[in-house]
Ligand SMILES: *Cc1c(COP(=O)(O)O)cnc(C)c1O
């Protein structure tokens, strides 16, 4: 029988062609962490990902517990090391309880899916991470998006929302492509006025901001202000995974209803062991955070002197918004030639016309590496001005 099964391959070919034509084709490059490139693209803000003490804790954890958890948390994969890590994360963030997830993406999916349904009113900052939008979609809830950081736009949307509906306001803590920090006190005040709960995803703030590295929410803003707090472990803490912190009732609710928690294998226990070590180092070596903030301050002073298009960010995420994607790719290529790896961020990750280099600073960078970055940026700027 002659069955025409060419429709799927055709569909793939059409999408591929459209993506290439738009100049937005995404390709992975092979990276080597011991190669010659200085990495100004990653999220290893404290230099912990390659700290030998974490590697040793992970190796020791694997020898003790094995390479994997072997089951989901609700079957037989929930081990004492997970429980210990949850306790430490709750302490760090000043919350009664915390729940580990395998990734930040899943923590956001699971939390929104478990909290919301088709009747919930969800309000999201326009620049929120994709996983927050996807989580609301998974819940069947419609997300209303407010202008970035605009509390009066948020209030306006809340005023229009049906009176009897539950409301959840959702925001990144530190915006991942812009580096600016949400106004947590302002958001929580608006939420209090409109009987909404506030959920903050502090993926990029945890370990970096706050007096104890407890993030932009942390102990400064308790569960009355921010009932739902998400943090990730694959950025400043250098390992992998994520957690939700909040009341015991919130955590119990997630254990019951968050499908991306229930139906997945528990995080490898060795990763939890390494994360515990990362938390020890976070507490014992505040100089890492100080060094990082010194790098940020120095970068901003010198980049401003060069007239580079800095964004209003005081965090280790320092975007240079260059506008069109071709220009961003040229700058990224020139920096690559100079031995510097930077993020080239285009739509749809950021709005059209706001393509940017996403530079991230780390406590692991030497002063000499920062010098090289600034020198290469200056050369690129001169080359463009001369052309
Ligand atoms: C990176 C990131 C996530 C996803 O975390 P993973 O652990 O990498 O899945 C979620 N939210 C924000 C704001 C992020 O930047």
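Quick reminder: no glycine exception, Cβ is built from N, Cα and C everywhere.
All annotation found in TrEMBL is predicted automatically rather than curated by experts.
Here the structure is a predicted model, which means the values were calculated and not measured.
TrEMBL names 104, 105, 176, 204 as pyridoxal 5'-phosphate ligands; from the candidate set 232, 239, 264, 265, the record adds 232 to that same site. Within 119, 129, 147, 253, the residue that TrEMBL lists together with 26, 349 for binding substrate is 129.
For the domain 'Aminotransferase class I/classII large' (39-377), the mean pLDDT of the prediction comes to 97. Ranked by CA distance from residue 26 (substrate binding site), the recorded positions 104, 176, 204, 232, 235 have 176 at the top as the closest.
It is 7 Å from the Cα atom of residue 129 (substrate binding site) to that of residue 176 (pyridoxal 5'-phosphate binding site).
For the pair residue 204 (pyridoxal 5'-phosphate binding site) and residue 349 (substrate binding site), the C-alpha distance works out to 16 angstrom.
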